[in-house]
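Colleague: Okay, handing you the structure first.
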Amino acid sequence: MKSIRSRLFMILMITTGVVWMSAIAWIYLSTRAEVERVLDARLIEAARMVSSLITSQEIDPKRAAQIPAVEPTMHASYDRQLSCQIWALDGTLVGRSDAAPATPLSDAQDGFSETLIGGETWRVYAVVNTDLGMRVLVGDNMRVRDRLVADVIRGLALPALLILPILAGLIWLSVRKGLGPLNNMAHALETRSASDLSALPDVDTPSEIKPVIRSLNGLFGRVHAARERERDFTAFAAHELRTPIAGLKTQAQVALGSEDPGIRANALRQIVVGVDRTSRLMRQLTDLTNAERGETDSDNHRVNLGKLASRLADDIRQHYPGAALLEIDEKLHDIDLDIDPSLFMLATRNLMENAVLHSRVESPVHCGMRLEGDGVALTIDDSGPGIPEDELPKVCERFYRGRNKTAMGSGLGLAIADLAAKRLGGSLSLKNRPEGGFRAELHLNAAPSSTTPRGEFRHNDGELSPLPVVADAKGDRLAHER
Amino acid sequence: MRVLVVEDDAVLMNGLQVGLGLAGFTVDAVSTCVDASAALRSSAFDAVVLDLMLPDGSGLDVLNELRGRAVGTPVLLLTARDSIPDRIAGLDAGADDYLGKPFDLNEVAARLRALTRRGNGGASACRIWRDLRLDPATMAVSKSGEGVRLSRREFSILHALMERPGQILSKSQLEDRLYGWQEDVESNTIEVHIHNLRQKLGPGVIETVRGVGYRLAEDSI
């Protein structure tokens, strides 16, 4: 049933009906029992009375039958309730009352019995008067008894039937009144516009609805915040794209406006750099959205750090052919972690790219690792200029570009790495190395699941872990995106 | 005209430097607030092209500092933030013009010319002195209606002298206007350009004030 109101109404009506029906059934049964008890007692009494009257000779049995045994009651419908027969023990009818049938009311010698005479059931009590050799039978027509009970029940049921519609109306109104707060809330929700995310008022609301309103308001708050964040992000992204586009346009105009082949060549080179930078910005925006929404494969896999790092290093080498090289520490190949590979690659790729782009070409970037208390720290060391200490707290903010930036820098790399690290359940720490250069550490809480010696591990690699297939697919996807 | 470009995007900075250079400006470019303030303190610029979002702060800080020192150098804000409130904030902070990214290079050049022209109190785009006529927008010079072909440097020197006729400009002032920091200046370059100018324009136009500098000739001569 769709509507709570009709559902409640039906439930209330059915239960009320059942209660009434049970009450009527109970009253019927108890009334019937009581009526039988009382009327049976009357039968016994009447039979004994007749018997004792005959004994004391106050009634001539021959004449006794001529008069009604008991005065008929004044009530029309209950007249001739009792019938009386007096039989001699030899089986001759000595006398009977007016309405009594001519056949014996009962064959029983003594006590109660029920007999069917002429289609009607009689309840009969028999008393044997041995002194006079007579048997007194007093009988009640059962039809009369049934009518009595039926009258009682009818007297109860008729008002009930009359009251029932009134009761239904009252229940309907009560249910409606009781569901008022719910209707108010539904109305408030129905009439607001889709973009209205303001909280519903939760003062003076019943305690049953309060949790609903609270969780709705909580949801509104979260949706509002998410929408705000998305709007900010879109505005920020659009804004961030304007500068590189302005650069492209300016360089294009320079190329168009100059006759000098040197100037034109330089402008075209700058355009290439600008396009590369802009496409990297676009990719990072997508990465950031992915990391934020968690729309990457959120399944954890057993991944080999060395394998993933090497794959990323190859990819970066292809992408930035003139930049510094990436060295992957052999130790990484001994480490298997149970983490989300795409988030891990998101974080590591951005850290590696940063390191490679900032490093001097002749000194390679070193990617190593360190076992920590309950996890692993992946370290990426470069020989770049580092980040001024006052900028360190801000570098993970989106679009923050410090003073030591590269032409390719979008201000998003570290923000993505930081976000991905957090989503991996780890953290990112950044520091300038005392000996020069910069170190980024990706702390992962996942405990390494394999300490197999390297040679053996490599031998069993394919069987040990289902990862390579997954990682390959991922790697291909990333490669195609370029 | 010497212009300082403050822009942190390398590609855009290079584009402005080369593009404005082609339009006849002498361009110096820096990418941070600190460098911009230092440059503005150490050299005189005819105009500043200023980006608002810089790695070490807002361009508005540079602008405030400049105006705080009561320097009236025209400032053109060039920024991706070009909503009305941003424009108002920029103009109220003392900027002379506002251009949202992406922009047209020729428009930047035209606006810079307009700004410097207004700064020098001139309403007309062309400078006229006696029978000389100089159009900064087209970099064309004519004498008595006949076009004179000048090199970019020669044009810049003549432009500088024609901005304030009668005012003496020293050799180093002219060098400042002609060359950015990155360019090496030969010690006698200005003399060479002046010599060429005199040849092209004829005598009696540029006067040497011995020991001080150069100016357009006094009327009495």
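The backbone N, Cα and C atoms fix where each Cβ goes, and this holds for glycine too.
So TrEMBL lists these for the protein:
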type	residues	note
DOMAIN	B:2-116	domain 'Response regulatory'
MOD_RES	B:ASP51	4-aspartylphosphate
DOMAIN	B:124-218	domain 'OmpR/PhoB-type'
DNA_BIND	B:124-218	DNA-binding region
Colleague: Can you name the residues of this chain that are 6 or more positions from B:ASP51 (4-aspartylphosphate) yet have a C-beta less than 8 Å from its C-beta?
Modeller: B:VAL6, B:GLU7, B:ASP8, B:ASP9, B:GLY59, B:LEU77, B:LEU78, B:THR79
Colleague: On average, what pLDDT score does this prediction assign to the DNA-binding region (B:124-218)?
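Modeller: Taking every residue in the DNA-binding region (B:124-218) and averaging pLDDT yields 83.
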Colleague: Using DSSP, what is the helix/strand/coil residue split across the domain 'Response regulatory' (B:2-116)?
Modeller: 54 helix, 27 strand, 34 coil
